[in-house]
Each structure stands twice: as C-alpha cells, then as structure tokens.
C-alpha cells in the first residue's frame, strides 16, 4: 500500500514535468490528461485490466481471465486488493507516459477515449512477466543462444512465455516504461509534429529492498553526471534543466527492472548508459521527424529497452529473492547467454505488442473522434479551446485577433483571461478617470484628499 502511494506521488511529478515542457497555453490541458489517465484508466483496469493479468478462472498462453470488476470475500480481500492498488499505479503510469508525447495537438475528447481503452496495452504484457499463465500448450520454442564461451548452442523449451522462461523485471522497466515508451513513439508519430515545429539534429527480502534502494539512488548519480556533461557540451558551457531531468529519469528507468540484483557500482554504470540513451535519443527522434514534446520515447523507450537487457548482463544468481527458483545469472556473472536471450525476447515482445496495439487503438479512436486538433485550435491552445481557460501574455490574444473571423471560432467564447480580476480592473479604471477629472478641475493639481490610501472613492 505504501508503494502504491509512492507511485501515485510519481504521477504528480509526471504531470508537473509535462506541464513544464509545454507552452503556457496548454499546461492545464496536460494536467487534465493526467487526471483522465487515473479516472478512466483506473476504471477500466478495475473492470477488466487486472483480470487479464492475474485472473484465475481461465488462462491461456496469452492472457488470463477472472477477477473482473475486482472484488473478494473477507478471507482473501487483503492480499488481492493490495496487489490491485499496486498494479493500478503501474497501469495508469504506462498511459501517463503516452500523454506527454501527444501534448499540444491532441483532441481532448479523443484522448479520453484512448485513455479508456489503453489499459489493454499494459495489462497483457504485465501478465507475461508477472502472471502465472503463458504458453501452456505444446508449443516448442527453439532459441539459439550464445554461451559465454561464444559457442552456438540450441536450447529447446516448452515454456509459459516470459515468466517461465526466467525473464526478470522487478520494478517495471519492461511492462511499464518500455511499453509506455513504445506507445508514446507510435502516438507521436501518428499525430505528426506540432504546427511550426522545426527539427534539428519478508525473510531475506528486506535485504534486497535495501540493495534496491542503494542501486536506485546510485543510478541517479551516474545519470546526473552524464546529463551535466552532455548539457555542458551541447550548450557550449551552459546547463539545460531538461537535459538534467531527462538524464536522471533515464537512469532511474534503466535500473528499475533489476534494482535488487545489482551491485552499487553496476547500478551507476547502468544508470549512466540509460541517461546517455535518453539524452542522445531525444535529438535522434527529432531527426526522425517524430515530435515528442517531453521526450517520453527516449526516456521511457530507449532507456527501458537497455534496462531490460541490462538484467541479462549484470543479474546476480540469487536464490533467496524468488524462491523456490534460483535466478539465472547474467552473461557477465558466468551464467552464459540464456538470460540475456530471454530478456531480449521480452524487450522485443513488449515493443511489438505495445506498438501494434497502440496503433490500432489510436486508429479506431481517430475514426470515432478526430485525434488531431484543428490548426486554429492548436494556435489558440488547448486550455482555451478544451477548458475555456484564457491566459494573458502567452500569444492567445494575438491568435484571437488573427482568428476573429474564423468560421469555427467564437470570439465571444474566449472570455476573460485568468489571473486577472475584472472588478479590480473596473475599479482602477474608475479611479484613473476620477483622478484625471479632478486634475483638470484644479489646473493640473491633485487635491490632497485624493492621495490617501483608502478605497472610499469606490463607493
């Protein structure tokens, strides 16, 4: 339950980061999308998402059934509801990652529909690695893996997909961040760039919890150092706050999946590589012409892909963390290439699933409600168009003047700018008029009683 609270605090942080990456005329809209992710995404995860991940009524090689509209009797409800709340935080986070990539040009009503449906993108791959189901038929996989000596070996398996292949993901590098990052890339690509966008180039587990905490904070050290150096070089002696934020987030995303399995120095290396991928990935996606305002595709996509693979390299062969099974050691720990191969399969599976399903969901959404805002709406800003909130000093007034004759825009609906008090403006105008009138009556001099600080003149 405490972890659930922490993850929801992270949602607040995501919202603040996203609002800081968009123009002022769209910051309310991006916060509204974060609220919608929890409201609509939470409802559908309760209705069917949790059941497709952990259901016990029926399961096949791909997903589970059961626990729909989650409820349980007194004996079982404590454990079940705790797991539901924890996984709910992951599910809504995976959708929130996408909202940033769609910022400033996505129709709010279309986004609401997408948020309602996007639960399925997360809940199915989450079951692959955290659920008990999988490929439980007679399907036989042949996986060609390099052993640590470099010899090619063929391993035949009858697995239950990722979980029973031995895939590892403790904190969500794959099913949360990589799934969200791949979805974010597809969403940003489908929407196209913003107008005017110019692209440049219990038991022993407490011990592992302690190790995970140290690994996580150490990863941020490595990521922060990479971000500072990258920013200093890129800006020729200055430091960009977004470079630092992206690098630290990339480091944390990359270490999440195996945080309890790394030595402190290894987590610094993993975090530094994740940060570098995030920093260089953002301009790379710009070069591809994909407009991702918050860099979710790089931070949650590339860094997470590396995070899933890093487990296959650095994982310790622990037997106390996930009894009764012992975790297969990574390639650099003498375990050969098996775990690395499984982690690569997991990463590719996450990307393919989330990319294809996100494309299908957005395609269907666009047929029902047009996904992209109209050009005049984008120029005015989503805060005004979608929520009736007008701001001054952010270019909205100029857009209103230019679009006053637009057939689809009602200038009267623009309303009063927020942050101003119409009553104060009227009172001040009255005071100025009275003051000027008094000066004219007294040959340019203001009577002494007009200099007081009372508001009796307003009567």
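Any Cβ shown, glycine's included, is placed from N, Cα and C.
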Stated TrEMBL location of transmembrane segment, expressed as one of 35-55, 56-76: 35-55
Per TrEMBL, the range holding transmembrane segment, considering 335-364, 365-394: 335-364
Of the residue ranges 244-262, 396-414, the one that TrEMBL records as transmembrane segment: 244-262
Stretch in 35-55, 244-262, 268-288, 295-315, 335-364 most in contact with the transmembrane segment (84-103), if contact is a CB pair under 8 A: 35-55
